[in-house]
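Down below is the structure, laid out as structure tokens.
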């Protein structure tokens, strides 16, 4: 059973005690002199200041900073700062913007109307000349009114393209004025723009292979939950209700937590000290969202919880961080020598043909190449030599009859005739004399290039002479 610890109450200040105990006369002995300023230190300063004058040195009960100007010699004057007065001007009148005026004020002035100057001279109507004639020879008097000269004025304005945006220039409206007046005025046109949809090309990249300070956006690496740190208490929960309704382990049947989403963080109100159904969940104020992890061969359901074991006078709560976990099922390791029966992916092809061995009534034996020991006699005008045929000469025998291994297996047919091979060469024969135990190499073979492991001119260990 837990007992509530007595709270520590702060003592009232001297001013608060003086306001309540002065009228009743129950004040402590050190409260009244401190508030009314009648302590020994206050008496010394009060009567000592009558005979001692320190001036503006700033020596007193305050901080020893020497006053605002600091400690300066007595023969000098402290520096004074000169205050400069500026001319007071009336404030600039800000004209308000009406509701129908545009919110963007253009930096280009609008069209300015320029007066044409002096009025155009009036030309009198052509009324002719007044001619007066007389009988005597007197000169004629002609009244001619002087006609003023017509004036031509040209006014133009130029814009600096550096400070103006490109715009569509439209012809100005015709001016109704007398005389010849040439003028130009800037025109303001509204900008038309087109909204072009932009596409963001997002490619996934590995965070370990990033070579620039601004990596390509993509999938971020998985952050560690920090469930098994030294500052986190590990608590194993056996009750399976921890996965479906964890609020039942923290509080008793409370309708406030009936419709709470258990996949998110659950906050509990701990304004009152109430016992928990499970003592492991005592003083829990928050259960964070769950996480499924695998550790040491098991599937684990985890939640982080915050406790409010202590609470300060300012209202701050202090508690431990607890990791609650529930092992769902173990992960069985796979056997090393486990035999897995495999099934064929494609159906086995069944041949529609069968071989009946009983139909074979003729058996073909393996043919052996015959070797004939027939003497071959060569006659020359000097000697007669007898050389056996099987001493290095190949003799091929081809049978004249056709051989088949069975009724269903045809063999290629062989020619029935025997090729003609002459026994004796048609070229003129030459006498060969074999005697002695050595040989003489022909001089033409000395200039041949030596080849590796090839000796075409070695016949025997006897001398050969033609």
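Note that Cβ sites are derived from N, Cα and C of the backbone, with glycine treated the same way.
Note that the structure is predicted; figures quoted are calculated from it, not measured.
In the predicted structure, the motif 'Nuclear localization signal' (1-12) carries a mean pLDDT of 72. Look at Swiss-Prot and you will find 1-12 (among others) tagged as motif 'Nuclear localization signal'.
In the three-state DSSP classification, residue 27 (disulfide bond) falls within coil. Around the Cβ of residue 27 (disulfide bond), 16 further Cβ atoms fall within 10 Å across all displayed protein chains. Sequence annotations record features per position, and here Swiss-Prot assigns disulfide bond to 21-27 based on sequence analysis.
As annotated by Swiss-Prot, compositional bias 'Low complexity' applies to 74-94 (among others).
Feature annotation from Swiss-Prot assigns region 'Disordered' to 74-95 (among others).
Among the features that Swiss-Prot reports, compositional bias 'Low complexity' is placed at 203-214 (among others).
Summarising the annotation, Swiss-Prot assigns region 'Disordered' to 203-224 (among others).
Residues or ranges marked as motif 'Nuclear localization signal' by Swiss-Prot on the basis of sequence analysis: 447-455 (among others).
In sequence order, 27, 28, 31 make up the list of same-chain residues 6 or more apart from residue 21 (disulfide bond) whose Cβ falls under 8 Å from its Cβ.
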